[in-house]
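Just below is one structure, and these are the notes that go with it.
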Amino acid sequence: MKTTTILILLTHWVHSQNPIGGKNTATLCLGHHAVANGTLVKTITDDQIEVTNATELVQSTSTGKICNNPYRVLDGRNCTLIDAMLGDPHCDVFQYGNWDLFIERSSAFSNCYPYDIPDYASLRSLVASSGTLEFMAEGFTWTGVTQNGRSSACRRGSADSFFSRLNWLTKSGNSYPTLNVTMPNNDNFDKLYIWGIHHPSTNNEQTKLYVQASGRVTVSTKRSQQTIIPNIGSRPWVRGQSGRISIYWTIVKPGDVLMINSNGNLIAPRGYFKMRTGKSSIMRSDAPIDTCVSECITPNGSIPNNKPFQNVNKVTYGKCPKYVKQSTLKLATGMRNVPERQIRGIFGAIAGFIENGWEGMIDGWYGFRYQNSEGTGQAGDLKSTQAAIDQINGKLNRVIGKTNEKFHQIEKEFSEVEGRIQDLEKYVEDTKIDLWSYNAELLVALENQHTIDLTDAEMNKLFEKTRRQLRENAEDMGNGCFKIYHKCDNACIESIRNGTYDHDIYRDEALNNRFQIRGVELKSGYKDWILWISFAISCFLICVVLLGFIMWACQKGNIRCNICI
């Protein structure tokens, strides 16, 4: 009976003094948003850390088509830019063409007299950057020769023809006099003259066309002079021809004079191309051109420029993200993610931010969970949430502003004789890409570290703000929660949340409850001790009763005990 009584009293004591379920106390926990499956990002201190949300910074795919807006994109179709400039018959449609970006197709071909350009890449780049094929004919006087030479290799319609921007000069009768022609530049812009020299396949062809056994072409300005002698000899047959034409070009500055001297083999200019300075360019691509809007174009197609980096192609035109080697770089746009644990303990799923985050928060990144005499509830804290969001919102735009190129990255081309220059250029470009790739990774890691630190700081600010409000009216439970030692209904909780809580109103009640509870408070860890003590006392009392019964029986003679030594 005594044992039973003691156990009942101890059990009643434990449950009656539990402050968590009391009507005169409340529990308030502070926490932050969490998701079941976060995103891994890299920071300065951690190679992988989970956050609630992140934004991809690397554009790794294109639209597959080239947008024709806001840039003027000219589709070269089956013509190269140089063929269009020379006036190849099948490229007549491009005469006087204008563009911001000229698209050369892999299917482009020449369909006139076979030619070569010793400095092809430079001429191609020069014309491409000019953005126009605007041509002005000039009245060159070629006395004593036959003009407008034609070839069966260059058909315009059903008739033999030639490059429309060049004039093939041959003998007149049985003579080819020495030609001396000058053409001043009296305008205020640069003029580009295209000319050439014919290399016959045989000596017989040479004398048949130009009389002399070997011709010569000299083109001069005040700044330069080029003298070219034909190389007579057979070459591989192209469109029925084993001869060749070499194309050269000369820029005449304002106030300068173009001088042409030749005694044979001259492919003369018919006029000049007006040179313009600008940011026009050329790109090799087989992507289709479509009606759409994009400020960044690559050979793979247009790409959005709303990300700071791209991994689509090194060659770009327009306002484009920086090319980097990484296929993915994630910028943290949320806080550190600590998924919510399973429901446990007498306080259910409610636990503070030190233990875990809270899933399912829809009204903020930070908030409160509480349990009082009216039940349980949850509410977000908009002020701390907005403070964190404001600092993160402009982060992506700042990164884009630091990295977007406001110019185009054109293709670099070199002739075979410039192999060492090409190798050096490739090394420089690869080094720049390596450097930018490293800088990009470092920049993102720094920004991610800052984001996580500032979101952690906002959580700590909210906790300290709450602590300062409650003062001695509550106790920090060590897990992000406060045990409030006075009756705190929903209106009281709301005053804590919005910062209007007056601790003086509840101070006396809190102190009184704290002293009463502290006298008998049993935390969950001491309940086991009470049970063990109860068990030990019960065993002791049973032993005492049993020993007393034995001694009483011995005195009455009902039990005899013999002790032998």
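Just so you know, glycine gets a Cβ as well, placed from its N, Cα and C.
Per Swiss-Prot, disulfide bond is recorded for Cys67-Cys292 (among others), and the stated evidence type is sequence analysis. Cβ neighbours within 10 Å of Cys292 (disulfide bond), excluding its own Cβ and spanning all shown chains: 12.
Listed in sequence order, Cys79, Asp83, Ala84 are the same-chain residues at least 6 apart in sequence whose CB falls under 8 Å from the CB of Cys91 (disulfide bond). Here Swiss-Prot flags Cys79-Cys91 (among others) as disulfide bond.
The annotation disulfide bond is assigned in Swiss-Prot to Cys112-Cys154 (among others). A C-beta separation below 8 Å, combined with a sequence spacing of at least six in one chain, links Cys154 (disulfide bond) to Asp88, Pro89, Asn111, Cys112, Tyr113, Asp160, Ser161, Phe162, Phe163.
Look at Swiss-Prot and you will find Cys296-Cys320 (among others) tagged as disulfide bond, backed by sequence analysis. Of all Cβ atoms in the protein chains displayed, 28 besides its own lie within 10 Å of the Cβ of Cys320 (disulfide bond).
As annotated by Swiss-Prot, disulfide bond applies to Cys488-Cys492 (among others). Counting every protein chain shown, 21 other Cβ atoms lie within 10 Å of the Cβ of Cys492 (disulfide bond).
Taken from Swiss-Prot, the feature N-linked glycosylation site covers Asn37 (among others). According to its DSSP assignment, Asn37 (N-linked glycosylation site) is coil. For Asn37 (N-linked glycosylation site), the Cβ neighbour count at a 10 Å cut-off comes to 8, with all displayed protein chains included.
Counting only same-chain residues at least 6 apart in sequence, those with a Cβ under 8 Å from the Cβ of Asn53 (N-linked glycosylation site) are Val35, Gly38, Thr39, Ala332, Thr333, Gly334. Sequence annotations record features per position, and here Swiss-Prot assigns N-linked glycosylation site to Asn53 (among others).
Taking a C-beta cut-off of under 8 Å and a sequence gap of six or more, Asn78 (N-linked glycosylation site) has these contacts in its own chain: His90, Arg105, Ser107, Ala108, Phe109. As annotated by Swiss-Prot, N-linked glycosylation site applies to Asn78 (among others).
According to its DSSP assignment, Asn180 (N-linked glycosylation site) is in a strand. Residues annotated as N-linked glycosylation site in Swiss-Prot: Asn180 (among others).
Here Swiss-Prot flags Asn300 (among others) as N-linked glycosylation site. The number of other CB atoms found within 10 A of the CB of Asn300 (N-linked glycosylation site), across every protein chain shown, is 18.
Feature annotation from Swiss-Prot assigns N-linked glycosylation site to Asn498 (among others); the stated evidence is sequence analysis. In the three-state DSSP scheme, Asn498 (N-linked glycosylation site) is classed as helix.
The S-palmitoyl cysteine annotation in Swiss-Prot covers Cys554 (among others). A sphere of 10 angstroms centred on the C-beta of Cys554 (S-palmitoyl cysteine) encloses 12 other C-beta atoms.
Summarising the annotation, Swiss-Prot assigns S-palmitoyl cysteine to Cys561 (among others) and lists sequence analysis as the type of evidence.
The feature S-palmitoyl cysteine is assigned by Swiss-Prot to Cys564 (among others).
Taken from Swiss-Prot, the feature signal peptide covers 1-16.
The annotation topological domain 'Extracellular' is assigned in Swiss-Prot to 17-529.
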Which chain-mates of Cys296 (disulfide bond) that are at least 6 residues away have a CB under 8 A from its CB, listed by sequence? Ser302, Ile303, Pro304, Asn305, Gln310, Thr316, Tyr317, Gly318, Lys319, Cys320, Pro321
Between Asn300 (N-linked glycosylation site) and Cys67 (disulfide bond), what is the CA-CA distance rounded to a whole number of Å? 12
Among all the protein chains here, how many other CB atoms are within 10 A of the CB of Cys67 (disulfide bond)? 21
Find the one among the recorded positions Asn37, Cys67, Asn180, Cys292, Cys554 whose C-alpha lies closest to that of Cys488 (disulfide bond). Asn37
CA pair Cys554 (S-palmitoyl cysteine) / Asn498 (N-linked glycosylation site), Å rounded to integer, equals 77
Roughly how many Å separate the Cα of Asn37 (N-linked glycosylation site) from that of Asn498 (N-linked glycosylation site), to the nearest whole number? 31
Given the disulfide-bonded residues Cys79, Cys488, and counting only Cβ atoms in the protein chains shown, which has the most within 10 Å of its Cβ? Cys488
